[in-house]
Amino acid sequence: MTPKHCLKCIYLSQGYQCCSAPKTKPYWLISQQFHWRASDTFTFMAEGEKEKQRKQGGFKTMPFILANEVCDRFATTGFNANMITYLTQQMHMPLVEASNTLTNFGGTASLTPIIGALIADSFAGRFWTIAAGSIFYQLGMISLTLSVVIPSLHPSQCISHETCQKASGWQLFILYASLLFTAIGSGGIRPCVVPFGADQFGLNGTQPTAQKGWNFFNLYFFSMGLAVLLALTVVVYVQDNVGWGWGFGIPTIAMFFSVIAFIVGYPLYVKMKPGGSPLTRLTQVVVAAFKKKNVVPPDDWNVLYQDKELDADISVGGRLHHTNQLEFFDRAAIVTEGDMLPSGYPNPWRLSTVHRVEELKSIIRMLPIWAVGILLITSLSHNYTFAIQQAHIMDRHMSRHFQIPAATLSIFTVLGMLISLAIYDRFFVPLASRFTKRPSGITYFQRMGIGLCIAMLSNVSAALVERRRRNAMNLHGVSISVFWLVPQYAIHGLAETFMSVGHMEFCYDQSPESMRSTATALFWLAASIGNYLGTALVTIVHNYTKNSGDWLQDDLNKAKLDNYYWLVTALQVLNLGYYILCAKYYTMKPLEVLEDDKDMKGSKIVGTKQEVELGSAKNGGNLV
């Protein structure tokens, strides 16, 4: 079906010349991604607008954007890295209760980004969502710092092990309220920073190569790694050796300056217009399809309803084209009597465009592979709980008078990620590109698969080291060096380089452009469910084994923590098999891109960034 608002154009050697101009602004005139011309005299974009765009975006915005996220990650790590110690030694919680408190908080902090993403994509925009989230996070940090400084807001010190006073209901309320505020703040920051940063480079999925995109994602994770590294060294040392007041106060001060820096950069940012509630659009497609469940589908899918003008704000980088999957939802784009309003526009609860139907299909197709990240978070969550408790009863001396703080061991995860990211970006990608002819080296499917394999080795190392530690203590009364834990942390960091970055790339690239914040929130939602699943797994194992040699009791010398690590490794093997199956049958989203090229006559379907890299015009197909 031909859209009712279009230009009749003829192709010239210099571009497009319009034979007739409609009263309503056409799709490609609304889009500011393309600059059409005829005989070098006709331009669709005002010079003032072009000059404004030249002054906005690019690398000059990165210090402001990444400063906010770096301080957020610095503060989050400064709080969480040693929080298990704070809860057990200062709030006097039992180990299992403290572990579950942290995983539940981590789950909530990773769940709120879904709400923040919907707010950003629907009406607020990414800038204001990040700003509001930063303020909420700041309030939570101030509250938690005050709860440490003011004596009445935390239990008194233990006189002896038997007379430790537990935290009162009021004290726990302040603790949980502070954590809740930081979780709400994360909901505004986490889903928006990546797509907001990508907006500054025009990474809308239509670039002829993906090189910028890969560099941006690597830069993002590398910056986060530096922030975590600083927190694990400076903040954890202050918490263990100076006091919890300054230990929480330093991240609070850093977050304050990050909010200021982010707001100061306002004039430099490219700020994409929200495309309306994506949740509403998806619901409209589902409702329209069910209303027409008895309608006979057409033999020719080209007759399905399309309207470039209607989709202009949500398809700036190109429209999604029809795919032969989930065909039930295609019924939403079948035109029937009563679908059109008196104004000439469709009733969105009865008729949707092909682009909107394919938005829903894209999200549904992503879910099986997205779910792979859930168990990865579950399997590695123990590095921030049980492994730290192991470190407390191991030999932590680096010299006669200095012991490495237990929580600082996470530094080796960060170092592993930073070093491997640098090697990956500077050496591996150029080398792999010689063989694959891809600027990105390998696909994000291959990157995730490698990460899943590496992650299993981390748990294998954890199980072997824990058995060695327990036997050395129980049989010989010897505390082995805490540096035996380094391999599992370092391997974890290497796995993050492949799996986490690849997972983020997948969510960003395969999502519809109007749902980029929502899709990025899916990355954090996987972390949320993974943390909750970690809580459930710990609880189930604890309850199931407590009458037959408790695997997870407070005294780790009597526990069987290595059995828990082997259980998690077995789950990871199943997760890898599931991922390989999903990746093999995954279909890439097909995307129409209008290129400003004098040798290109019209629009063409280019598929995805990875297909563009190979010069392919395949409509779908897996790239594993």
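Each Cβ is built from the backbone N, Cα and C atoms, and glycine gets one as well.
Residues or ranges marked as transmembrane segment by TrEMBL: 135-153 (among others).
Here TrEMBL flags 173-198 (among others) as transmembrane segment.
Annotation comment: TrEMBL describes 219-238 (among others) as transmembrane segment.
According to TrEMBL, the feature transmembrane segment maps to 244-269 (among others).
Under 8 Å from some Cβ of the transmembrane segment (404-424) lie the Cβ atoms of residues 77, 81-82, 84-85, 218, 221-222, 225-226, 228-229, 232-233, 236-237, 239-241, 383-384, 387-389, 391-392, 396, 398, 482, 485-486, 489-494, 496-498, 501, all in the same chain and six or more residues away from its ends. Here TrEMBL flags 404-424 (among others) as transmembrane segment.
Below 8 angstroms of C-beta separation, residues 369, 372, 376, 379-380, 382-383, 387, 484-485, 487-489, 491-492, 494-503, 505-506, 509, 562-563, 565-566, 568-569, 572-573, 575-576, 579-580, 583, 586, 610, 622-624 of the same chain, each at least six residues beyond the ends of the transmembrane segment (444-465), sit close to that stretch. Residues or ranges marked as transmembrane segment in TrEMBL: 444-465 (among others).
As annotated by TrEMBL, transmembrane segment applies to 521-544 (among others).
If you look up TrEMBL, you'll see 564-581 (among others) marked as transmembrane segment.
With a threshold of 8 Å between CB atoms, the same-chain residues lying at least 6 positions outside the transmembrane segment (564-581) that come near it are 369, 372, 375-376, 378-379, 382, 386, 448-449, 452-453, 455-456, 459-460, 462-463, 466, 537, 541, 551-552. In summary, the transmembrane segment (521-544) lies against the transmembrane segment (173-198): three or more C-beta pairs, each 6 or more positions apart in sequence, are under 8 Å. Sequence-distant contacts of the transmembrane segment (135-153), counting only residues of its own chain at least 6 positions beyond either end whose CB sits under 8 Å from a CB of the stretch, comprise 72, 75, 79, 90, 170-171, 174-175, 177-186, 188-189, 244-245, 247-249, 251-252, 255-256, 259.
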